[in-house]
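K.L.:
For reference, TrEMBL lists these features for the protein:
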type	residues	note
DOMAIN	38-287	domain 'G-protein coupled receptors family 1 profile'
TRANSMEM	22-46	transmembrane segment
TRANSMEM	58-79	transmembrane segment
TRANSMEM	99-117	transmembrane segment
TRANSMEM	137-161	transmembrane segment
TRANSMEM	196-223	transmembrane segment
TRANSMEM	235-258	transmembrane segment
TRANSMEM	270-289	transmembrane segment
Amino acid sequence: GNKTSVVVFVILGFSHRPDMKVFFFILFLCVYIITVLGNLIILLVINMDPALHTPMYFFLRNLSFLEICYTSVTLPRVLINLLSGDTSISFACCAAQMYFFLFFGATECCLLAAMAYDRYRAICNPLHYMDIMNKKVCMQLAASSWICGNLVALGHTTFIFSLPFCGSNVINHFFCEIQPVLMLVCGDTYWNELQIILAAAFVILMPFLLILVSYGLIISSILKIRSAKGRYKAFSTCSSHLTVVTIFYGTAVFIYIRPKSSYHLDVDKVLSLFYSVVTPILNPIIYTLRNREVKGALSKMRMKLFHAN
């Protein structure tokens, strides 16, 4: 039978520092606004400039939309909790939050791998790049990323929330993350934990392995370019993506692929900010500051707006 007795969870969040409540609220509000606006600007610029209607920017458009959704799963709820002081969340809402967070997170893992494959084709097969990475292939890669993310999230969430919760209902995190929720499950969760680690390893490490292989081939191809200017130009086309991959995977691997006995929830809470909050806000900055084409499109858009006024 269903042993679940917990119907409401309490998200601890940052309540251990009530003196910092106003500071946290202002900080997270600014981060959320900048993240949404920054990624919306990238979407707008790519849509408005025909020169950016290429496979690379098709994936960047998907990534920007994904980052808006990804951040919106956690930060608005954090802001409401800080403002109202009510940190309770229903069983169903907690499950929904975990599902969408995993959905967008797993989709980003796959999408970053698709972007690495795109860069591999652009640098290693430049003459046939547009034929290989045609519209149909790009759509298939993007759709596969979203479908994979959905399946992973649905499996994980259904599995975790079918387990019995009959003890504490306090989640030591700022949202319904897998590890702190799993710690509230009654009884021995060794096999459950092992299955989740294996599934997380597959979802995180498989795309990461594809990224490593792609960049191995990219670096090999770049080293064959004779001129230093040519090598720099080739590498600059994938440096932004490589930066995002490093930040996102660096923390995600540490958080998910390890046993429950090694969890340090207060530390994990801070580390989770990197892939759930910091990465989405850095993406528009990284892709605009390090990309001449996007900067050029932004300048053209500003000029159009200036002349229109």
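Note that Cβ sites are derived from N, Cα and C of the backbone, with glycine treated the same way.
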K.L.:
What same-chain residues lie close to the transmembrane segment (270-289): Cβ under 8 Å, and 6 or more beyond its ends?
P.N.:
28, 31, 34-35, 38-39, 41-42, 60, 63-64, 67-68, 70-71, 74-75, 101, 105, 173-175, 177, 240, 243-244, 247-248, 250-252, 254-255, 295, 298
K.L.:
Any residues 6+ beyond the ends of the transmembrane segment (58-79) with a Cβ under 8 Å from its own?
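P.N.:
Here the qualifying positions are 13, 25, 28-29, 31-32, 35-36, 39-40, 42-43, 46-47, 89, 97, 100-101, 104-105, 107-108, 111-112, 114-115, 118, 138, 141-142, 145, 174-175, 276-277, 279-281, 283-284, 287.
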K.L.:
Among 22-46, 137-161, 196-223, which stretch has the highest count of C-beta pairs below 8 Å with the transmembrane segment (99-117)?
P.N.:
137-161
